[in-house]
């Protein structure tokens, strides 16, 4: 379990750090920037490997019948979501490379608009929505496989750190613009908030200790870190506004 979580955290952090390095964008292999080769091959492979390690650790624990759904059904749902995530990543890869070689003088051409639809909303929503849903399903599946060893308490702080790293890394990769509420990505924050409320509510209703569920703890911290990063980003955008625009923004909020 811990190895899989560490792998996810490292890949997420590395993905954000590499994205900020212009030299990876400038180096071209087969007419494709090196960074895009990483995003379509290396990062998805290691993230999938990390998730496999996590799921294997869960199913190898003793099971209880807390949720009347078979592990196989949970696995099939996650596989379906992961397949869509790979499809979305492929859409983003293809549309980004096409965008790179399109003439940028006229953004009103139909081919440019169609490509931007795949490059922006469609690919981003497909990837991130399915990843969030996969993590949620994994946390629910873990309900039937609590940890029986006391070592879970010893690694809880490590799980918290990794959750914070992944949450902030995902937020950084999504909210890369200075638009209010993440621009067209704002529905993703609403989705994470809904999933977090559902996850916490389920654990409250079933009266189980989240400490006995490492993946659920990790996912909860990840969601919280993601939403915290989202809120802090809005505050940073607000502080950069002029005094006049701040008053205008506050007036709109209080008059709503």
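Cβ atoms are placed via backbone N, Cα and C, with glycine included.
TrEMBL labels come from automatic prediction, so no person has curated them.
The transmembrane segment feature in TrEMBL is assigned to 6-22 (among others).
What TrEMBL records for 34-54 (among others) is transmembrane segment.
According to TrEMBL, the transmembrane segment annotation covers 74-93 (among others). Sequence-remote contacts of a segment are chain residues at least 6 beyond its ends whose Cβ falls under 8 Å from one of its Cβ atoms, and for the transmembrane segment (74-93) they are 36, 39-40, 44, 48, 51, 55, 118-119, 122-127, 130-131, 133-134, 137-138, 140-141.
The feature transmembrane segment is assigned by TrEMBL to 122-141 (among others).
Among the features that TrEMBL reports, transmembrane segment is placed at 153-176 (among others).
Taken from TrEMBL, the feature transmembrane segment applies to 188-206 (among others).
Annotation source TrEMBL lists transmembrane segment at 212-232 (among others).
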Distant-in-sequence neighbours of the transmembrane segment (6-22), which means Cβ under 8 A and at least six residues beyond its ends: 35, 38-39, 43, 46-47, 49-51, 53-54, 161-162, 165-166, 169-170, 172-173
Most Cβ pairs under 8 Å with the transmembrane segment (212-232), selected from 34-54, 122-141, 153-176, 188-206: 153-176
Contact check, the transmembrane segment (188-206) vs the transmembrane segment (122-141), 3+ Cβ pairs under 8 Å, seq sep 6+: yes
For the transmembrane segment (34-54), distant same-chain residues with Cβ under 8 A (at least six beyond the ends): 1, 3-8, 11-12, 14-15, 18-19, 21, 24-25, 27-28, 82, 85-86, 89-90, 92-93, 96-97, 134, 138, 215
